[in-house]
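Here the structure comes first, spelled out in structure tokens, and everything after it is commentary.
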């Protein structure tokens, strides 16, 4: 009786396999973790096997005489019989030979002719493709280009979106919130490019979180319906746009960002995506560097001082204190004493200035300090 039951089950699965492979092609999308299919006879695009499509497949199988139940179809579609497919790596693997024309620099110059920008953008694009390949297990693509211009309607966001070929546009977003860590990590695992739109709106604390995220090469995540955490590969790289120039807050840690003033409305060249990405793929194969050297990082950091966000309390500070000139006498102040003087002078200005960031602001304003056994003391004169 048991053997007869097993025989019927085998026949049913063979019938189901024959029906599905004759009429459809299936693949398991490793990014979305969903089964996709298309009808071989209609030459349509792959689409997700959602509940509606699933029920249609079951009905079609039954109408063809297949002894099929929902659980049989679900078991089949959830098995390794369905080949795995990674949209991004598959795109890279099927690129043609590069024709030798430098399309990356051409694309960069549609934003700005600045020599350093063209070089940094090229490195960032190489880092993005290396991130997609899954071979960069030690370091994430930790650079973020930011397109800056006070005018709107200059196609900054359009440029960011257009960096991805049409086949990968579904793996782009400009919806990203660093404060929702679980959601942020999921997007870093499943999206090819994340655009931080209106970058200037990011508060200082959020910028610090973003710097931590962008340096990650792997992501420690808890998968749905699982109690333990596992290490997942990071797929995404970051880019940003801003309508304001004063968008960075930490002079000591701004090498992760590269703001660039656009030269006006961005006129995108006609992009041959296959050749663009074939160039990047071939350059990586020939070991072209996809990260900034320490010397380049230092140059970027110095350049970025022009994009630092000035502290809101800066004018108040200079109405209360002066910086001693060379050879001039000075007084020693603790950070708490400075804060209290300014708070007494203007409680409203100092209301939103947190003590933990006040020290960074003093450094940004060029205030020198001494390290003593009693703590840091700042060299100032009271006005």
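Cβ from N, Cα, C; glycine included.
Whatever TrEMBL says is automated annotation, not expert-curated.
Taken from TrEMBL, the feature domain 'Virulence-associated protein E-like' covers 92-306. Annotation source TrEMBL lists domain 'DUF3874' at 310-379.
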Checklist outcome for this item: Its residues classified by DSSP, the domain 'DUF3874' (310-379) shows 32 helix, 14 strand, 24 coil
Checklist entry - So what's the mean pLDDT when you look at the domain 'DUF3874' (310-379)? => result 86
